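Q: Here it is: the structure, laid out below.
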Ligand code: HEA
Ligand code: HEA
Ligand SMILES: [Cu+2]
């Protein structure tokens, strides 16, 4: 348990360490790594989609496979790439920003990670077990009920597992932020990334249960013969759409708000200027979250909900432009009058502003119901949401990776390669998606396996495909950069950018397992900056050096997850053969047994002793 | 970097211009050249919104560009610390208020048009057609006229037509971009919307809600003809005799095969309500085969022998005995004789 | 620590306060039972639908308020944030139920 | 065992459940979780309300429901809420035996409730042939009420595990918060039931 020496550990010891860790930083990195893996997977699926659509009536892949491809692309990207990477940042960075030594529930944190990972594995195993889900990431009933094979079942259980993990993460972050802020870190001194983590967690808390319910209904219909969506027995498929979008729209803000938080950290640092309109930024974040729950039917304008509902939801949707606008203008005002350095992290942030603004504006256009009757389910919508998701969330993730890489891994990413990657990706991105607005309006619906020859759609689609490959090259350069940096990169100091403002820059890169030897005393917004400006090189401690209490690692989260994983297979295959009920009950027994074990054995953690701490150098 | 930025801007602009030059896509498919009431109303809102958006975007980009250029850290400024501005209430109020105003400008006409397009006051005295989406074809039932047909819908020009849309299986969505926006075809209810076409012509319709493997092949057409032609068509369709003798012997053979192989069990000819498969009354007058292919003899024979090759996952595959090439040819000949109306897509002028 | 600590060690003020609180809780419980009785009675005697449904819904909401505020101590200090989040949840719940009862009509 | 978790008899914290950081975390965590559960159950309720008349020719709510059984179940569960309040009261007074006693009664009431619920379902299935698969109404009914029942089962297992595990330990700062979170959870189950008996049973019987 000594932390004084970095003793050489064997491979198995390291593996065991990662399998049992409850350290928020390690889990954060694991989230990011797994998310990156799924991003490449989803990206390859995107490339397959674009190859298929490169020319009219192409037969690169079959119709059924195409539907599997788009479903898996959408599901993987949203649930297993974008969200986990953001949760990874929340895990790794947020506790550092509020001056905490860990999250409130380290055990739950690890459970959440494993549930997410096995959910993703579950979903992707469908490729090898008779076919992937093929009803779109939105899984509209009754198509999803009638979908043959077990693909949809993997979708349902995979999302159910990872959704449970996400919910745990959300609650964990909320409690952490409420109870574990360092002395002096009042709510209105929290960095914006912490704020957006907080608000996104609230969204998770209220949005995911709707998905959980929807998935249960789908699962009961598919696996246990209930009749929620069976019209012959009085079922109603519109219920699924409501449940999905009650979750689905807040979900897009779960994605974008943390990205907003990341930009709100980066832009001030590289403008050397405090964030303009901090209070209104916080307020706007809450307003977006609040309004986010009242707009979901804008995905259902064509369902036939009636003019009153359509009009109300149209107004709600457009209203979101206002708080988002506040944010955009505050960022611009932060740049204004600053002293701007443009490096890779900043490039991604600057690329974000115009790209996201375009995406947001097409969002408002979609919100105008009458026009949406034309846009709906066409490539215009595809263009809209890739503009906000890629131009907002993915840019945010990449900006955050460049910005926090030194903090996470102790090395600064290579600048030259960072810029090359940016330009390839940025140009490819606009090439791919800008043209799609027009394709949509020219009569190309989305989820089309082929488009016909002679309908004026050929050139646009070709351009789009070329763009996608440029994005692929950009991503590859980034991956090479990561490898290169890991091998050759220079070591980073505590504050490699020189202008760090928040607490994470006041400690070593990467931080010690206990983060702060002494909890820092926070004297205002941007605490580290304040200390630097007043001539102190570092934070004033709020307490003397004391023993630090640490939680014990545990293998139970992994075992519990494996239990649920096995049980999921039981659920899926019991329709074919009753023997699978053994897997169902066996898996459940493992999961519940490890839960019981957890609650029966008191875990008091351990202490890092004062004497050892004093030997440490910062 | 600025140099780069300029190049990219130029590139994007170039792309944009070339697009505008390439017109707005294919006539009678694009939503950008509306020839019907719904599409026109949508277009108006689109134009209003795009004007607002361009204005907003220009402002954002102006501030953005100036900020990046003017406030770039220059040589010798390495230790310069700019003023740490907390905020500015006046500015913040301005950029809250202006978007609110813009949003209201967009919201008000949106609300009015939403109610306008949902108005069904004239439903009882207008032509009304029951539209049913099926995997992967469309059925049209002119309930007042007792006419059944599939794939090609005939309507008179400049006339409000009410569509009662539902689905026989999964959710589909009825979309004819040039005439009107979409309406979903749900299995559990009937949605009503009206369309009105301003010009004669054949308009492409597409299914816009994922409905299975052949979702992208579920095209249909609206054939807009003059009022007289429409009346004529109704007349012709009503007087079709499903039992009429085909002209040639091989067509007669085809008819027998059609009946013997229980094709007739799914495909009605005439006004029979049976609608497991498309109604074939005026099959030979169709614009396309199966919605997407040229209606030629060869294509039809291929389709009859192996529909799966054209439309994966369709409901016809495997539901009838395998056909030899000869048998398929006879049936094709029979089907291509089903041109019971003088009114066909050519009457609509285009194509 | 296996021994039970006896009541006597608590200071009497605190003791008094929790006694007081207990009284409230019993009253709360009695009210809940009464509300339940009224609701069941209203249905049993077959009153007019227009009247019964709002009545029993209001009774339920008040009863649940009791549960939250008295049994679950939401009225106590230190529950502000908790209340905020619960009301957040209730808000989302209300919007969801409202739409499901209005625009899913077929 | 670390000294942090044992009680110093001369310096008893006022509220043992929230006197440690861990206790505070548990307390907040559970409340936030209940916020999520509110949405979860509201979605089940919403689905039920949308489908309650979709009986597909099968039994309707008026055919099925009877007041007596539901009334008994309601009283049982409401009372169990009170008894758990008593238990927590005694916990705050560090009276372990009484706490165990009242929690014991809570568990028994919960079990009785569950027994009646199982009887009720059995009755519908055998006497009316009304199952989970009969109609959309059937699916929605069993899912909503069944999920609540599932929560009761989980709560009971939790309670019994806690009681057994701590039977010989008495109240400590570590387990006080566990008992407290359990009781919050149990109250919430009661809250949900109040809406179930009102919205499902009572409203289902009003003609
Ligand atoms: C990160 C993800 C993300 C984000 C942030 C958004 C943001 C928004 N989205 Fe988007 N959306 C998606 C992801 C996202 N969306 C996805 C994935 C889908 C498709 C799902 C599927 O069907 O598969 C979708 C679909 C979608 C639809 C349904 C389209 C259809 O299927 O027919 C609509 C309709 O209203 C919509 C609207 C909006 C609006 C109004 C915003 C707003 O929040 C945008 C606000 C931002 C701005 C407006 C820009 C900045 C503001 C200013 C500069 C101020 C001044 C501006 C004005 C006055 C206009 N979105
Ligand atoms: C976070 C969300 C996210 C992200 C990041 C993306 C990213 C991309 N998406 Fe998106 N997409 C969705 C979410 C997302 N998508 C959703 C939700 C749908 C709707 C699905 C549905 O309809 O149900 C959709 C649908 C969708 C469609 C429409 C399909 C259809 O309707 O028929 C298309 C088509 O162009 C597309 C393209 C792309 C492209 C080109 C990218 C690019 O940005 C990807 C860039 C990344 C790469 C190119 C990967 C890089 C890989 C490497 C560097 C490794 C290389 C290794 C080897 C070659 C071995 N996507
Ligand atoms: Cu949305």
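Positions of Cβ are set from backbone N, Cα and C atoms, glycine also.
Sharing the record's features from TrEMBL:
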| type | residues | note |
| --- | --- | --- |
| DOMAIN | A:10-523 | domain 'Cytochrome oxidase subunit I profile' |
| TRANSMEM | A:31-53 | transmembrane segment |
| TRANSMEM | A:73-93 | transmembrane segment |
| TRANSMEM | A:105-129 | transmembrane segment |
| TRANSMEM | A:154-180 | transmembrane segment |
| TRANSMEM | A:239-263 | transmembrane segment |
| TRANSMEM | A:275-297 | transmembrane segment |
| TRANSMEM | A:309-333 | transmembrane segment |
| TRANSMEM | A:345-366 | transmembrane segment |
| TRANSMEM | A:420-442 | transmembrane segment |
| TRANSMEM | A:462-484 | transmembrane segment |
| TRANSMEM | A:555-573 | transmembrane segment |
| TRANSMEM | A:579-601 | transmembrane segment |
Q: Is it true that the transmembrane segment (A:555-573) and the transmembrane segment (A:420-442) have 3 or more CB pairs under 8 Å, sequence gap of 6 or more?
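A: Contact between the transmembrane segment (A:420-442) and the transmembrane segment (A:555-573): absent, because fewer than 3 Cβ pairs are under 8 Å.
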Q: On average, what pLDDT score does this prediction assign to the domain 'Cytochrome oxidase subunit I profile' (A:10-523)?
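A: Looking only at the domain 'Cytochrome oxidase subunit I profile' (A:10-523), pLDDT averages out to 95.
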Q: Counting only residues 6+ away from its ends, which parts of the chain sit with a Cβ under 8 Å from the transmembrane segment (A:239-263)?
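A: That would be 78, 82-83, 86, 89-90, 138-141, 144, 191-197, 199-200, 203-204, 206-208, 210-211, 213-214, 217-218, 228-229, 285, 288-289, 292-293, 295-300, 303, 327, 331, 349, 352, 385, 388-389, 392-393, 395-397, 399-400, 403.
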Q: Which sequence positions outside the transmembrane segment (A:462-484), separated from its termini by at least 6 residues, show Cβ-Cβ distances below 8 Å to it?
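A: Result: 40, 43, 46-47, 50-51, 53-55, 398, 413-414, 417-418, 420-433, 435-436, 439.
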Q: Residues of the same chain, at least six outside the transmembrane segment (A:31-53), with any C-beta under 8 angstroms of its C-beta?
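A: Result: 60-61, 66, 69-70, 72-73, 76-77, 80-85, 87-89, 91-92, 113, 116-117, 120, 124, 401, 408, 432, 448-451, 461, 464-465, 468-469, 471-472, 475, 479.
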Q: Cβ under 8 Å to the transmembrane segment (A:420-442), counting only same-chain residues 6 or more beyond its ends: which ones?
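A: 50, 344, 347-348, 351, 355, 362, 374-375, 378-384, 386-387, 390-391, 398, 455-457, 460-461, 463-475, 477-478, 481.
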Q: Would you kindly list the residues that approach the transmembrane segment (A:154-180) from elsewhere in its chain, counting only those six or more residues past its ends and only Cβ-Cβ distances under 8 Å?
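A: Residues packing against the transmembrane segment (A:154-180) from afar: 71, 75, 79-80, 83, 87, 90-91, 94-95, 98, 100-105, 108-109, 111-116, 118-120, 122-123, 125-126, 129, 132-133, 139, 190, 194, 197-198, 200-205, 208-209, 211-212, 215-216, 218-219, 222, 561, 564-565, 568, 571-572.
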